[in-house]
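Visitor: Pasting in a structure now, in structure tokens, and then I'll have a few things to ask.
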Amino acid sequence: MADKLVAGKHLRYILNLMAEKKKESFESVVMDHLRMNGAYWGLTTLALLDKLGSVSEDEVVSWVMTCQHESGGFAGNTGHDPHVLYTLSAVQILALFDKLNILDVEKVSNYIAGLQNEDGSFSGDIWGEVDTRFSYIAICCLSILKCLDKINVKKAVDYIVSCKNLDGGFGCSPGAESHAGQIFCCVGALAITGNLHRVDKDLLGWWLCERQDYESGGLNGRPEKLPDVCYSWWVLSSLIMIDRVHWIEKAKLVKFILDSQDMDNGGISDRPSYTVDIFHTYFGVAGLSLLEYPGVKTIDPAYALPVHVINRILFTK
């Protein structure tokens, strides 16, 4: 059992993983199409640990820009198709390095705005899949770029609210099951647009705090599922945004995250004794940030970027 965050080993794990991306390792091959997301997870973890300077800014930024398409959207890697998922990660990475100025903001924002549907929802790409994840991504990305006026915000918000369920949660579409990941997306989008008053905070807060497993202290994403470190982000961030985070046992959740670390080689897994990956490493450290763990920089619960980065963007003309 772990009693502290082994930040130095997580740093080494992430840097080794990034070095492997240049080789034909198994993990680099299976994650090739979503490398942009992996880069965001790894780099944001480094930023939260105050170690972003450990990577080559020029190398990362140059690679990110090779993933942009003529449409303005970004792909998960060079040679792949653009999607809003990867576009947000690309924008977030550039924000980390204070390089948003190299973007053709008009082009990127037009790409995102062009994916809004008549009912206010958003498609993820030209193939038309609709999901509240994409609503959050569009709103978050356009807010960072200061281009929310490019879309019909009222319709976007009304669509998100139409995905609210009787249990207070939100699903991926109207009538779909409540899920912590979708709840983060919907609550995050409502927070960014100033519409949190449309959330039943007590009802949703109860549903979210019920996600904590009594024995392990970990959180799950929906009823009758195993606890998973990634929900330390999805559930906690939502609770913070609706001011109900005091409804869970924070100390038990901290222990669950710390116990999910690989104490020898670094990295964090979905639960204790499982295999680590960059996805859970990021969400574990981000969860500790939300829990105000010592030595971890503060992350914004709506934008999923360090608070100092968001302050620099939103309070700079």
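The first residue you see is number 1, and the count goes up from there.
Cβ coordinates are placed from backbone N, Cα and C, and glycine is handled just like the others.
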Visitor: Looking at Swiss-Prot, D228, C230 are annotated for Zn(2+). Which of H83, H280, H308 sits in that same site?
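Guide: Of the residues offered, the record points to H280.
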Visitor: For G181 (geranylgeranyl diphosphate binding site) and H280 (Zn(2+) binding site), what Cα-Cα distance in Å is obtained after rounding to a whole number?
Guide: 14
Visitor: Let me spell it out: for each of the binding-site residues (G181, D228, W234), count the other Cβ atoms within 10 Å of that residue's Cβ, using every protein chain shown. Which one has the most?
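Guide: Answer returned by the neighbour count: W234.
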Visitor: Going by DSSP, is S232 (geranylgeranyl diphosphate binding site) sitting in a helix, a strand, or coil?
Guide: helix
Visitor: Sequence gap of 6 or more, C-beta under 8 Å: which same-chain residues meet both conditions with respect to H179 (geranylgeranyl diphosphate binding site)?
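Guide: Non-local contacts for H179 (geranylgeranyl diphosphate binding site): G169, F170, G171, C172, G221, R222.
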